[in-house]
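As written in TrEMBL, here are the features:
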- 1-28: region 'Disordered' (REGION)
- 13-22: compositional bias 'Polar residues' (COMPBIAS)
- 133-154: region 'Disordered' (REGION)
- 207-232: transmembrane segment (TRANSMEM)
- 238-255: transmembrane segment (TRANSMEM)
- 262-281: transmembrane segment (TRANSMEM)
- 287-305: transmembrane segment (TRANSMEM)
- 317-335: transmembrane segment (TRANSMEM)
- 364-382: transmembrane segment (TRANSMEM)
- 417-434: transmembrane segment (TRANSMEM)
- 460-484: transmembrane segment (TRANSMEM)
- 505-526: transmembrane segment (TRANSMEM)
- 546-566: transmembrane segment (TRANSMEM)
- 573-592: transmembrane segment (TRANSMEM)
- 604-637: transmembrane segment (TRANSMEM)
- 772-806: region 'Disordered' (REGION)
- 793-806: compositional bias 'Basic and acidic residues' (COMPBIAS)
Amino acid sequence: MTVLNCSGRRGTTDSNASSENVDTFGDENDEHFKPVIRFFQSPGEDLLVQEVKDDPRTRRQSVAQLQRIQNASVGMLPSAMAKARRRSSIHRPNLQYSSPDFQADLEKHEWDTARNHVIEDPEAQYELDRLKRSEIPEIPEEAETKDDLGYDRPPVGPAEKEEFFRFGGPVTLADLKEEVGEFCTFESVKRKIPIIERILTYKKEDIVGDVVAGLTVGLAVIPGCLAYASIADVNLKYGLYSAFMGPLIYALLGTSKDVTCAVGPTAILSLLTGAFIRRDVGDPGEWAALLCFFAGCVQLTMGFLRLGFLINFLSTPVVSGFTQAAVIVIILSQVKNLMGVKFGSAKDNAVQTLLGYFRKAVDTNGWDILLGMLCITFLLVMKEVKWPAWKPRAGSTEKKPPKWWIFAQQTVRMMSVCRYAICVVVATLAVYLLQERNINVISATGKLDGGLPVPKLPNFAVGGLAFGEVMGSFGAGLALVPLLATMESIAVAKTFASRFRYNIFTTQEFIALGAVNIVSSFFGSIPVTGAFTRTALAAESGVRTSLAGFITGGFVIVSIVALSSMMQYIPKAAMAAVVICSCLVMFDFQIFRELWHIRKSELFVLVFTMVACLLLRAEYGLLMGLTLSILMLVYPMARPIVLVSRKVREGITDKNLESYQITVTPQSSVVFPAAEFMKEIFSDNLFNETVTANFPPRMSTVARDGGPRRLGQTEMREALPPIVFNGIHLTSSDYSTLRALRSVYVNCKSTHRDLRFVNTSSDILNIIIPPQKPPRVRRTKQQKVDIGPTNGKQEEIQKEKLLDDE
């Protein structure tokens, strides 16, 4: 059955409503049915009125229906009224009120009625008693519910306090005072030396995880450091000297528990180190230790001055391109150890290395190739080997695996984790047994200096050179080595911090890495940083705190003291296999596909950096890629996108000059590199095209026919259209940009052209718009005029003559 709800639309009756409570109305398009609805109610009235057209039948039915709603709802609590509304064919939420305060008055009246009314429903009576014991909410007046503009105010709640926090921006004097004030507090000391917090919160459950992870990483770090020393083309002992101080110092100052055991030389950093040290003067190991010292000083200074944002200028495409090329160069450089030949140096590019293979192909040692292939096969297979998961047999009551199953599973896991150490140890024993029988068919590393080095300052006069010549020899390496080392370590730390849900502090990471490199240089170390592969190994081994670094460092120290005599038998082919297998996981083919679909310009930067590193040297390619990336970053600042729209209203015969308005809207912030560009835009022909439109004369006060010009009279003539400049992005503009816009404004005024600024603050307008000259001063001069005698007196009259003050 079709009924009319109070919004004037048709609705359907509720199935619970009886037929006697439903009035049938005619169709909405019926000429007798055109209601004009107006509901009103004050706190003292209990009647709803509906005004309709003069139709007795419609009036009787409407009033009767509304009266039943009123009788069913007055005096009920909100829950009871809701039930009555659901049983009715006319729903109150559909009412259209003619008075804005009707809803507030109606609800207030319902609450007042419910407070004093007694009903027989037990459930409703219980609600009524509870309502009387509680505070009845008062409906606020209209003056309190409306703001100054007439909009509804938000609901009034408890007292609120709004706090503001600033992130980023320049360092202010207040920031310095706050840092100085907090420097001597115990909380500040715990932040600067995180090991204090670790010791205070250390638990017994952490011991097993730290010991296992420290020993596991220690087994892997020794062969890795030896291999990375060969990449830097220095004596292998410097690789060992780089393996123990890093974990010890980082455990004191670092904020990442996973990176603690993994601090040491890496393949990429070793390649870059080998490219910046000299071999013609002095010991290459001393050059590497001195570069380590300077890299630590740069990192420490950047940490104290909070210059960590500088590493963000090494964009991901540049770093990825350098990494892909470095992996290829490293693998090519290690193939000669697999072949048993020796040529070139770490500064050779890919082309020079390939040419060297063609020249030395006849000197290939087949035994080295055989041992190298066996080591590579073993490493690749052990990486993928996993013990199957336990599955109980059908009908078996054993729900847990037996002890022998768990032992076998953990043994296979440890063999996979320690595969590099197993490979080197087995190959070293094989070479030792062969050489004991005077069979020298496999190339070995040779004799190493035993024992730990004596700590001392690096040699600042390597090869007798002056300090200035030494610094000049490093060149860009003084900036690139510390930046790349820090970026690599922080990226690894953030990855595992996000995985295990803890926080790291970038500034403290700079300080920790700087201290690590400075102290390590006293022991003859090459530059070190956090390695991804060793960090993943520590995480898989269950590292709990940064104290695991002491286990790793102690294990390496014991190994150097006890096993240094055996390290002379390590085969070069086995170390080359370790380097090649560790570098294979560094290839990233996905980034090429992602950049192709997202942004091809960044793909060009990646390919350019990669090709430059391969054809030239690695450090040159990195510098060229970094330069190109910064140019692509700066170019939009010098040439920002500016949209110019010209408004022309078609179909208007009597056009005024505003119909040809030109709007200029920069799409980003405008800074000083774009100052001249903004002036060039306003010199474009688009802004110099004149139009013919109605325009008031500029200087004349008379019309063209010679008569006086009436008020509002205009004339058709050629003129330049007005310009509207949207200054919404001028908030962060500098002084040079505003002076350029001021020059544009002055030029427009000199050509009697209107230039208006919208969405621009008054402070900026005070700079763009030059101060107006004081208005011309009009003064009068009294002049005596003889007009003849009048009543025997000579009258003097004043005649005003306008004189220009100029």
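Placement of Cβ uses the backbone N, Cα and C atoms for every residue, glycine included.
Note that the structure is a prediction, hence the values are computed from the model and not measured.
Among residues of the same chain six or more beyond the transmembrane segment (317-335), those with a C-beta under 8 A of the stretch's C-beta atoms are 230-231, 267-268, 271-272, 344, 346, 348-350, 353-354, 357, 484, 487, 576, 579-580, 583-584, 586-588, 591, 595, 602-603, 605-614, 618, 621-622, 625-626, 628-629.
Across 207-232, 287-305, 505-526, 573-592, 604-637, the stretch most heavily in contact with the transmembrane segment (546-566), judged by Cβ pairs under 8 Å, is 207-232.
Counting Cβ pairs under 8 Å to the transmembrane segment (604-637), the top-ranked stretch among 238-255, 262-281, 287-305, 417-434, 505-526 is 262-281.
For the transmembrane segment (460-484), the partner stretch with the highest count of Cβ pairs under 8 angstroms, out of 207-232, 262-281, 364-382, is 262-281. Highlighted: of the candidate stretches 364-382, 417-434, 505-526, 505-526 has the greatest count of Cβ pairs under 8 Å to the transmembrane segment (238-255). Relative to the transmembrane segment (262-281), the listed stretch 207-232 leads the set 207-232, 287-305, 364-382, 573-592 in CB pairs under 8 A. Nonlocal intrachain contacts for the transmembrane segment (573-592), taken as residues 6+ away from its ends with a CB within less than 8 angstroms of a stretch CB, comprise 223-224, 226-228, 230-231, 267-268, 316-317, 320, 323-324, 327, 330-331, 334-335, 337-338, 340, 368-369, 371-372, 375-376, 379-380, 383, 420, 423-424, 427-428, 442-443, 445, 533, 603, 606. Spatially, the transmembrane segment (505-526) is not adjacent to the transmembrane segment (364-382); fewer than three Cβ-Cβ distances between them are under 8 Å for residues at least 6 apart in sequence. Counting C-beta pairs under 8 angstroms (sequence separation of 6 or more), the transmembrane segment (207-232) reaches the transmembrane segment (417-434) with 3 or more such pairs.
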